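Taken from TrEMBL as is:
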type	residues	note
BINDING	H133, D135, H189	Fe cation binding site
DOMAIN	115-215	domain 'Fe2OG dioxygenase'
Amino acid sequence: MTLELFPLEHSDEPEAIGPGSFVLRGFALPYVDEILPAVAALERCSGFRNMITPGGFTMSVAMTNCGQFGWTTDRRGYRYTQIDPDTGQPWPLMPIAFMRLAQAAASAAGFADFVADACLLNRYLPGSRLSLHQDKNERDFAAPIVSVSLGMPAVFLFGGLDRTDKPARIPLMHGDVVVWGGVDRLRYHGVMPLKEKPHSLLGSQRLNLTFRKAD
Ligand SMILES: O=C(O)CCC(=O)C(=O)O
Ligand SMILES: [Fe+2]
């Protein structure tokens, strides 16, 4: 008889959720002590804000960015900008720890040499949700998406290439990283309304860092 020393979700092996999609359980944990102060510093320059969709709705997720390019939305549409429209200044620099984490996670999922030029930070409070969408404002889809979960748990919806494909429900915990690219780069995805399950470090919020190559 073999002894299961760790439950499956604590395995070091990437968990495939598609041909080019992987969940890396706990991958970001060694980076948390560097990430949290870096988030606190960058949000003092470019604060979290609830952006407006082109359709006129205020997003329930509060967002900010760091890196050369930042993703924004307003009545004029979705786009990347080099200037934070709230401050008129460039987005804060991407902290080195962010770069290292994004590159290491991409590489662990089989995408070598990923250099993110954009990091979108998403702050979810209880009830916040993100409806099914594709990440498709980037210039080319050769680079993967690296998405880091911190704080409260969430249910990630991972759909197909067609909006009507029934999404898988993937529980994501503090420290988990999802990477999708290649044939899966344009898979629909979203996040179910967040339940209140306070986290020891982050309290009643979930922080998501989404790394992309925008340019
Ligand atoms: O919060 C998440 O896990 C997903 C975020 C996302 O899909 C996005 O920012 O485009
Ligand atoms: Fe997304």
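Keep in mind that glycine also has a Cβ here, set from the backbone N, Cα and C atoms.
Automated prediction, rather than curation, is the source of TrEMBL annotations.
Surrounding the centroid of the Cβ atoms of H133, D135, H189, where the record places Fe cation, the chain contributes additional residues within 8 Å, namely L130, L132, Q134, K136, I145, R187, Y188, G190. Around H189 (Fe cation binding site), a 10 Å sphere centred on its CB holds 24 further CB atoms from the protein chains shown.
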